[in-house]
Amino acid sequence: MTTTLLADIGSLVTNDPELGDGSPLGLLRDAALVLDADTGTVVWLGPADAAPAADSVVDAAGRAVVPGFVDSHAHLVFAGDRTAEFNARMSGKPYTAGGIRTTVAATRAATDEELDANLRRLVREALRQGTTTVECKSGYGLTVEDEARALRLASRHTPETTYLGAHVVAPEYADDPAAYVDLVTGPMLDACAPHARWVDVFCERGAFDGDQARAILKAGAERGLIPRVHANQLTEGPGVQLAVELGAASADHCTHLSDADVDALAHSATVATLLPGAEFSTRAVYPDARRLLDAGATVALSTDCNPGSSFTSSVPFCIAVAVRDMGMTPDEALWSATAGGARALRREDLGRLTPGLRADAVLLDAPSHVHLAYRPGVPLVSAVWRGGVREV
Ligand SMILES: [Zn+2]
């Protein structure tokens, strides 16, 4: 065994309601935690003064420890950036260049090494900010070879890989979207399915309508991929209802919801994943987390990290925005960014700190997790363990 004792934790968030104060966060005061790098799991937690011996000791000195963040929605396989587009948007100037097509062209032109280096850099950047699990989508290749390549590369960094050939209609198929859907549900799916766990569709006006999205998600499901949906981001479209109908793990964005959409989410196992980085970076109205929570829906919080509409890898930033502008309490936002993300990825082994589960933990330079929202923009992540191994 190679064990690490995190001693003298002032405030330990376990996300196990059976523990601690009885809240959903399962908060323990004056606690200790033992992580095992060999099994990758938590092996002990309890009162600080009852902590067992371990191979090494880290003194938390009264600071807070939280589960590693689970970022269940990110687009990290791409080349180039969209600085000019963002600058124009924020300067109130019209922007006529290619948008997503710019990224597709740059991604297709990049070598495997270039894409992998960018991906590695972004995963590391996220890890430094406390993200120990990140989902990663394809969707900037939009050819059979380029989509399969994106997923092959992504699977080197995470098991949570998502086939998003249906991000937008590939430029070559602009005049024949039905033929592109045939490609996405046929040869492209054949090439991508071996490298993916999930299938996703951008169900939105200008991308894929409800019938196209249903066909794509069902084709993916027949190949063993589990559906998740980009739903109701820009308009009150059919995405949320479709996600619930197909038993998708998650409906992502959920910015524009009817009462029926909220009700459907509240009475299903489909998680509502909110992505405030997208609204922040496009000066759009934020999703109403309070409305979803009050209705009883399960809410996750993720970055949507991508070069166009949300170029942040920071979950703490998303937590701060969710608390400030989306009606979430600091406790709810932290739960959604950890246990909620795990729920959206259907991972029972993540998002909580209890014996037997993954030893993914973050030591904050703060006495409480509330500081993640209280001190926005401050780099509070002091140390990160993934599978019991110290990474930061
Ligand atoms: Zn997205």
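Backbone N, Cα and C atoms are what each Cβ position is placed from, and that goes for glycine too.
Per TrEMBL, the candidate among His157, His195, His230 that belongs to the Fe(3+) site alongside His73, His75, Asp304 is His230. Contact annotation for binding-site residues (Tyr140, His167, Gln233, Asp304, Gly308, Ser309) versus ligand 1: Asp304, each with CB under 6 Å from a ligand atom. Checked against His73 (Zn(2+) binding site) by C-alpha proximity, the binding-site residues His167, Asn306, Gly308, Ser309 yield Asn306 as the nearest.
Spacing of His167 (4-imidazolone-5-propanoate binding site) relative to Asn306 (N-formimidoyl-L-glutamate binding site) is 12 Å (Cα to Cα, whole number). Reported as a whole number, the C-alpha separation between Gly308 (N-formimidoyl-L-glutamate binding site) and Arg82 (4-imidazolone-5-propanoate binding site) equals 6 Å. Rounded to the nearest whole angstrom, the C-alpha distance between Gln233 (4-imidazolone-5-propanoate binding site) and Asp304 (Zn(2+) binding site) is 12. The binding-site residues shown are Arg82, Tyr140, Asn306, Ser309; of these, the one with its CA atom nearest the CA of His75 (Zn(2+) binding site) is Asn306.
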